[in-house]
Structure formats: structure tokens, C-alpha cells
């Protein structure tokens, strides 16, 4: 076993990396409220795992979406638990994100030289809300359908480009199969990649600049 570790150590310098991670200075003013961002990340990882599990059974069609969710809840082993954890974790992620934003704002974490960290955080907040909007529609029940109809119709109030944006969100002039396909694609592919990229940038900035000092 030691030989295997030595082989990886020689090539990856695992010990040096571990020392760099564990020896990072933590200011004395840091308290439990500074963990809100990390809790948000944990919620996202739970979302990713449970969401990935449900993709094995969910069918993104207007005729089968609701019945596939019922199948997950009633027939799949622990399916009810996986979907419930996905829903609870989604709510917790949004709550933790909001509290994290308030903490950063109230402690001045957005000030120079951390402007880019703040901007990337705001983008992450928008992506998180987008996860909620797209995921809410996937069961394609009455609540999800009318939520999509309302949300996709809001941009129509924008002059000149409003109708174009709404048609882009719906995949046409009305809510239907194209809409569900787009929301499913966004929820399971586009948004996860976007949030991964901005999370990486966000964490690299925090790693580079450290935690902001007390007010």
C-alpha cells in the first residue's frame, strides 16, 4: 500500500497539496455564519447526487413526465426518499444562499479587492434561482405547467424583444413539449455546467484573496 501511495506522491505531490489546504490561515473573527457558503455547496452536491439518480427514471415528455414522477415516488426503491431529499435540499440551498449573501453584504465582503468574488456570487445566485424555476416544472403537473406559463410570459412586457424572449423560453408561441424539453435540458445540463464553472472561479478567488476582515 505504501508503494502505491509513493507512486502517486511522486507524480502528484499529494502531501504538499494537503499541507497547503490544511495550513491556510483562518482569521480569528470567523464564526459559524461564515460556513453558510459551504453549506450551500453541500446542498448543491446533494442536489446533484439525488437529481442524477432520478434521471434514470424520469421521462421528459408531456405525456409521461407526471407518471414517471409517480413511478419514482411509489415504485422505485427509496425513490420517495431520494425525491424528497432533492426537494428539501433545494429549499435549503436557496435559504442558505440568501443568508450567505446577507452575511457577505453585512460584513463588507464585496468591497475592494473582492469585487469579482461578489459578482461571481451574484451570478451563482441567479443560476440557483434558475435551477428552482426549471426544476419546478419538470413534474409537469398543474402547478408546474401554470408556473411555466406565467414565468415564460413575463418577458412579453419588455418592449421590442419581449415576445422573442418568451418564444425562446417556451420553444414556440405556446407552452408544450418543446418547453419541457428546454427546461429539462437547462436543469440537467446547461445550468449544472454553468454553476460548476462559476463555483470554481468563486472558490479560486476566495482561496487567492482570503476571507474578508471584520467591519
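For all residues, glycine too, the Cβ spot is worked out from N, Cα and C.
Checking Swiss-Prot for transmembrane segment across the ranges 90-110, 153-173 points to 90-110. Neighbours of residue 187 (heme b 2 binding site), defined as other CB atoms within 10 A of its CB across all chains, total 21. Counting in whole angstrom, residue 202 (heme b 1 binding site) lies 24 from residue 86 (heme b 2 binding site) by their C-alpha atoms. Ranked by the number of CB pairs under 8 Å to the transmembrane segment (116-136), the listed stretches 32-52, 90-110, 186-206 are led by 186-206.
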